[in-house]
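Listed in TrEMBL:
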type	residues	note
TRANSMEM	A:20-43	transmembrane segment
TRANSMEM	A:55-79	transmembrane segment
TRANSMEM	A:118-138	transmembrane segment
TRANSMEM	A:145-170	transmembrane segment
TRANSMEM	A:201-221	transmembrane segment
TRANSMEM	A:228-250	transmembrane segment
Amino acid sequence: MNLYFNYLLILFKSQMQYRTSFWLLTAGQFLVPFSLFAGLYFLFERFGQIRGWDFFEVALCFAVIHMAFAVSECFARGFDTFSSLVRTGDFDRLLVRPRSTFLQVLGSKFEFTRFGRLFQSIIVLVWALSSLSIEWSVIKVMTLFLMVVSGVFIFTGIFMLAATLCFWTIQGLEVVNIFTDGGREMAQYPLNIYQKWVTRFFTFVIPFGTVNYLPLMYLLGKSEGNELLYMLTPAAGIVFILPCLLVWNLGVRHYRSTGS
Amino acid sequence: MIAVEGLSKSFKVAKRSTGLRQATKALFFREHTTVNALNDLSFSINPGEIVGYIGPNGAGKSTTIKVMSGILVPDRGTCTIMGYTPWKDRVAYVKNIGVVFGQRSQLWWDVPVIDSFELLRDIYKVPDKEYKANLDLLIETLELSTFIKLPVRQLSLGQRMRCEIAASLLHSPKILFLDEPTIGLDAVSKIAVRKFIKTINLEKDVTIILTTHDMFDIEALADRVLLIGKGKLLYDGRLNELRSRFGSHKTITVDYRVMEKPIAISGAELLSWTPERCVMSVDTGKVTVSEVITQLSNQVDLLDVAIEARPIEEIIVQLYKEYQI
């Protein structure tokens, strides 16, 4: 963990060498999701509510998934841009260092400009929360926190799966963005507005539903049946990373036997 | 210290062909050929040796280095280095080695060199005291003090390479793999790097495996050379033996008054000829130098004669030719 912060520090120093570009990109990242959020806003202005969800509830959904995405893109960027590490052969360098490949790839790149996006999502979150009447308790606050953490783990997991593919393809694969960008776009609305199979896919295969939709039912008092179950769903998202780690290690093993 | 036994490694390489039609076809069907990068390679290296590992491009040098540094897993064979099998106990093993890839940087591009060093200290978990001692020694012997606070991107190639070598020695490795450490360096930097390699070998007793295409590196550093071609070990021995085996050739450069007729000397091979100057290669086993000069003076009006031993580069070219690699 200590080493992770040192990686963070050195890359932050590197980023600070290009200050103007940093501020411009951060501002850009701050502004981009506004267009998405504006779309959301006007949609609800026209229709009032969708399948029993009103504007602020969906805004909360939106804020959680965008926060998770921003944090993952910032801290797991190493996996997101992993193809360049393989293509240039710099991955060999990581293999001759006495640390796990996971930690080293994670530490190879951070995208600090994503704080712009994070900041924007936090504003949406605060606005949504202040307009909703939720009876807060320690457990509910923890659930909200876990939701974001769960999202970070899922996005990181997908980045890892995409990175693993690079061992075979060398080039990065845009197709994986279906699951990262696509998943984010889907999950910014409550999942029950979609077709059944879409809901199932994003609950059981890539569990974005456990990031915001299911636990939100608990937070907003929409859940039926066992509340505890809804509350604990973010844990499922966190578990998602385990098979990803396994697949990643398989990929590393493949790389070391083929050396491509 | 290093024992390599029957190492073999083959790669599947996609056949590439030219032309748009072939390229389109390759999108769907790909033919693969198997390349034997290493073919039953065996050698051993003792502690404290400097070994020059040479061979033409594609001979399998990099593959061997990658296997020995734990990056690649071979198809067959064993490799025991300091009691470890590199590809099995990667994390435990790589603490003991340093690797410099001359073509690739291990430093962080935008931050001062010293910051990179400190991060490496954390990666290798080097104790503070040891780190400080190593750093002081490296700064002094490699003369890094003037640019250690500059970002890497502002360094010249020679300065950067010195930092690269320093970076790979911060954790006091017992073995240092140097993959073309002098590539692209100017003469001054080359000599500084060579001198330093020799110094750490003597003072810290670091075993060094050096791959290079610069035969002067080998001449200045390596007591022993391993020649590899097509994945096989072709020669293992001292550089001097190699020289005496092929070094019976002398190169004679002659300047003379304009002479339109080409020169013919028995026993000498004419390498180049102009009406004013010629260069020839003489096998002293067949004809002595004095005989050649006598013949020359009969044919032309000599102005200047220079006799040189055959440069090591040429010996290597001859060797590659002989082994058809």
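Cβ from N, Cα, C; glycine included.
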Among the ranges A:20-43, A:145-170, A:201-221, A:228-250, the one whose Cβ pairs under 8 Å to the transmembrane segment (A:118-138) are most numerous: A:20-43
Remote residues contacting the transmembrane segment (A:201-221) - C-beta distance under 8 A, at least 6 residues beyond either end: 57, 60-61, 64-65, 68, 132, 134, 140, 143-144, 146-148, 150-151, 154, 158, 179, 183, 186-187, 190-192, 227, 230-231, 233-237, 240
Cβ-Cβ under 8 Å with the transmembrane segment (A:145-170): same-chain residues at least 6 beyond its ends: 64-65, 67-69, 71-73, 75-76, 79-80, 82-83, 86-87, 105, 176, 179-180, 183-184, 206-208, 210-212, 215-216, 233-238, 240-241, 243-245, 247-248, 250-252, 254-255, 260
